[in-house]
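Undergrad: According to TrEMBL, the transmembrane segment annotation covers 69-87, 99-120, 141-169, 225-246, 258-278, 301-322, 334-355, 457-483, 495-514, 526-547, 567-593, 613-638. Residues or ranges marked as Na(+) binding site by TrEMBL: GLY75, VAL78, ASN82, ASN340, LEU469, SER473. What TrEMBL records for 680-727 is region 'Disordered'. What TrEMBL records for 698-709 is compositional bias 'Polar residues'.
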Amino acid sequence: MPKNSKVTQREHSSEHVTESVADLLALEEPVDYKQSILNVAGEVGGKQKAAEDELDAEDRPAWNSKLQYILAQIGFSVGLGNIWRFPYLCQKNGGGAYLVPYLVLLVIIGIPLFFLELAVGQRIRRGSIGVWHYVCPRLGGIGFSSCIVCLFVGLYYNVIIGWSIFYFFKSFQYPLPWSECPVTRNGTVAVVEAECEKSSATTYFWYREALDISNSISESGGLNWKMTLCLLVAWSIVGMAVVKGIQSSGKVMYFSSLFPYVVLACFLVRGLLLRGAVDGILHMFTPKLDKMLDPQVWREAATQVFFALGLGFGGVIAFSSYNKQDNNCHFDAALVSFINFFTSVLATLVVFAVLGFKANIMNEKCVVENAEKILGYLHTNVLSRDLIPPHVNFSHLTAKDYTEMYKVIRAVKEDRFASLGLDPCLLEDELDKSVQGTGLAFIAFTEAMTHFPASPFWSVMFFLMLINLGLGSMIGTMAGITTPIIDTFKVPKETFTVGCCVFAFCVGLLFVQRSGNYFVTMFDDYSATLPLTVIVILENIAVAWIYGTKKFMQELTEMLGFRPYRFYFYMWKFVSPLCMAVLTTASIIQLGVTPPGYSAWIKEEAAERYLYFPNWAMALLITLIAVATLPIPVVFILRHFHLLSDGSNTLSVSYKKGRMMKDISNLEENDETRFILSKVPSEAPSPMPTHRSYLGPGSTSPLETSGNPNGRYGGSYLLAGTPESEL
C-alpha cells in the first residue's frame, strides 16, 4: 500500500483521517460479524453518537480515586435536610414510629432507584440529558426537567448557605448576639425591644436582625443588604468549587464531606453530657404507633427519601458518569444509602439530646416564673397557704414539687383557676414543640447553644458544618445542571459554569428581599416536590418498561461482572412504579385539599401566623411546576410526530488508532445498507428491524431486534477485541 495513503496515515497517526466511506470500507479487513457488535439504532435514539461517545469517553474527566467519588456522592446526598428536616419529621410523626415507614420506603424505592441512577450514569457516561435520550428519545425531556429542578433548588439552597455564613461570622463574639434581647435607652430608662420581649432573643435575632422580615409575601420591603452580600459570598464559594468540574470539586469534597461528621461526633459527645439529654433522646425514640397508619406520614417519608438520596436531580447520574464502567456501583448504592440513613439518625440523636437540654432549661424557667406568681397570690391572700404541701420549699423548688402544687391549686380553685394564669410546666410539652426546617437550626438549636460553656466555639463549629453540608449538596446540584448541558451542547465548561453562577445570583436576589424567606418556603415545600416525583417515576418507567428490565439487568451483569439480586428486577418493574404512582396521586390530592401557604412573622404580634398564598403567588407556583415538567411532554410530542430528529438516520465513519467509528450523514436507505453489510445493494440482505446492542455471551443471537417505525438505520461498528465493545 502506498505510504501516503490515508489508511497508512491512519495506522501511524492518532489524528482523525477522513476519506471516502466506500474506499474506506473496501480497504478494511473483513469483519467477522458473529464476533462483532452491530449497533443499529432506530427508535431508540441517543445511539446515533455512540461511536463518537466512545472517543469522548476517553477524554472524559475521571475521579482521582474511588474514595473521592464516594465522598462526592455522600456530600451530595447528605445535606441540610439530614440535620433539620429528618429530626423535625421524626418529632412530628411519632418519634421512633416514623423510622418504620422511612426504612420501608428506603428499601423498596430509595435504594433501587439510587442504584438505577448510578448504573445508567456509569453505563452511558453522560449527564441526565444524554442518559435519558439514550434510553428513550421520546422521554428525553426528563433530562431537561432534571436540570430545571436543579436550578430551582440551587436558587434557594444557596440562600440558606448565605444565612449560615451570616451566623458564622456573627459567632465570633462573646456573648453571642442572639443570647439577649437588645435594650434601647430613653433618657435614663432602659427599655427592652418589645418584639424581642414578646418572643425570645434568638427568635428576634432571626426574624429581625438576620432576615428583617416583612409581615407577608406581598410586602417586598426591598433588598436586605446583609443577606445580599452573604449570597454573593455563597455563590462565589460554589463557583470556585465547581468551575473546573470534578477536578476542582473533587478536592473540595475531602473537607466538605468529612468535616460535618467530625462536628456531629463532637456535638454528640457534648450533647450526651448535658443535663436532660436522655429525656430528649427517649422522647424521640418513644414510638407513637398510631402515626404509622397515617398516609400523610408515608407521603412525607417518601418525599424525604427522594431528597435525602438526591433522586431525580441529575447529580447522582452526573457524578457516576465520571466512573469507569467496571466500577461496582451496586456496592456504592448500598454504602451511600446506609451512610445517608446513619447520618440522619446521628443528626437526630444530636438534635434531640440538645433539645432535651433546652427543654429542661425552659421547663425550669417556667417553674420559676409560675412559682413567683404563686408567691404573689399568697402574699395578697388570693391563695391560702394551706394549699401548699408542707414539704415544698420555694427556695429550691423542683419541677416535681411544682407539678404537685399545681394539681392541688387547680383542684381547689377549679371555678376561677383560669384567671390565675398558671402554666402546667410539663417537660413533655416542651419536647413536643416541633420547630420545622430553618427554625430548628436558626432558632431552637441556636438558643440551646447559648447555654453551652464556650458557646461561641460551638456556634462557629455548628454553622461551619452547615456551610460545608450545603456546599457538598450545591456541588452535586450544579453538576446536575452543568454536566448534561456541557455533554449535550459542547459549551465551554468554565464560561458556562461562571455564567450559571452569575445568573443564579441575580435571580436569587428574589430570596434576599425582606419577604425572601416566604419565597424560600414556596420553592422548598412546593415547586420542586411534585416535578421531582414525576421525574423519578418516569425514570423508572423508561428503564423498566421501555428499555426493558431484562435487557438492563443483562447489561448490568456484563458491566459489573456479576448479576444483581433478583430483588431489583421486581422493585424496578412493579413495586417502585406503583408506590411512586400512589405518592404522586397523594401529592396532587394534598395540594387540592390543603391550599398552599406559609408561616408569616407578624411584627406587631411577635408571633407566627399561617397565611395562604395570594392569587399572584399561586399563579407563580403553578408556573414553576409547569415549567419544571413542561420539557417532558414537549420533547415527547416533537419526537413522536418526528418534528425533532433523534439522529437515528445518521451515520459517520472515522478512524483513530485502528478503531472504526462513524462519520457519514444523510445516506439513502440502500446506500446505508450497502455500506454496513456489503458492497452492492444486491448482496445486501433485505432490511431488518433495527435493534439495540448485542447483549454479550449467553444470548442466542448477536443481534436483538426491535421494531423500526421509519425503516431507517443508524449504525456503528465496535470491533470485538476492544474494551469499548464490552458493554
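Backbone N, Cα and C define each Cβ position, glycine as well.
Worth saying up front: this structure is predicted, and the values here are computed from it rather than measured.
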Undergrad: Output, ordered by sequence, the same-chain residues six or more apart from VAL78 (Na(+) binding site) with a CB under 8 Å from its CB, or 'none'.
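TA: Same-chain residues close to VAL78 (Na(+) binding site) (Cβ under 8 Å, separated by 6 or more) are SER257, PRO260, ALA308, ILE339, ASN340, THR343, LEU469, GLY472, SER473.
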Undergrad: What stretch in 99-120, 334-355, 495-514, 567-593 has the biggest tally of Cβ pairs under 8 Å against the transmembrane segment (141-169)?
TA: 495-514
Undergrad: Around the Cβ of ASN340 (Na(+) binding site), how many other Cβ atoms lie within 10 Å? Please give the count over every shown protein chain.
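TA: Excluding its own Cβ, the number within 10 Å is 24.
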Undergrad: Can you tell which of ASN82, SER473 has the least company, meaning the fewest other C-beta atoms within 10 angstroms of its C-beta, among these binding-site residues?
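TA: Candidates: the binding-site residues ASN82, SER473. Fewest Cβ atoms within 10 Å: ASN82.
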Undergrad: Taking the transmembrane segment (258-278) as reference, which of 69-87, 99-120, 457-483, 526-547, 613-638 has the most Cβ pairs under 8 angstroms?
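TA: Stretch with the highest Cβ contact count: 457-483.
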Undergrad: Which number gives the other C-beta atoms within 10 angstroms of the C-beta of LEU469 (Na(+) binding site), all protein chains shown included?
TA: 28
Undergrad: For GLY75 (Na(+) binding site), which residues of its chain lie six or more apart in sequence with Cβ-Cβ distance below 8 Å?
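TA: Result: MET253, SER256, SER257, LEU471, GLY472, SER473, ILE475, GLY476.
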Undergrad: Cβ under 8 Å to the transmembrane segment (495-514), counting only same-chain residues 6 or more beyond its ends: which ones?
TA: 151, 154-156, 158-159, 162, 211-214, 219-224, 227-228, 231-232, 235-236, 238-239, 242-243, 245, 478, 481-482, 485-486, 520
Undergrad: If the Na(+) site is taken as the center of the Cβ atoms of GLY75, VAL78, ASN82, ASN340, LEU469, SER473, which further residues of that chain fall within 8 Å of it by their Cβ?
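TA: Nearby residues not in the site list: ILE74, PHE76, SER77, GLY79, LEU80, GLY81, SER257, PRO260, THR343, GLY472.
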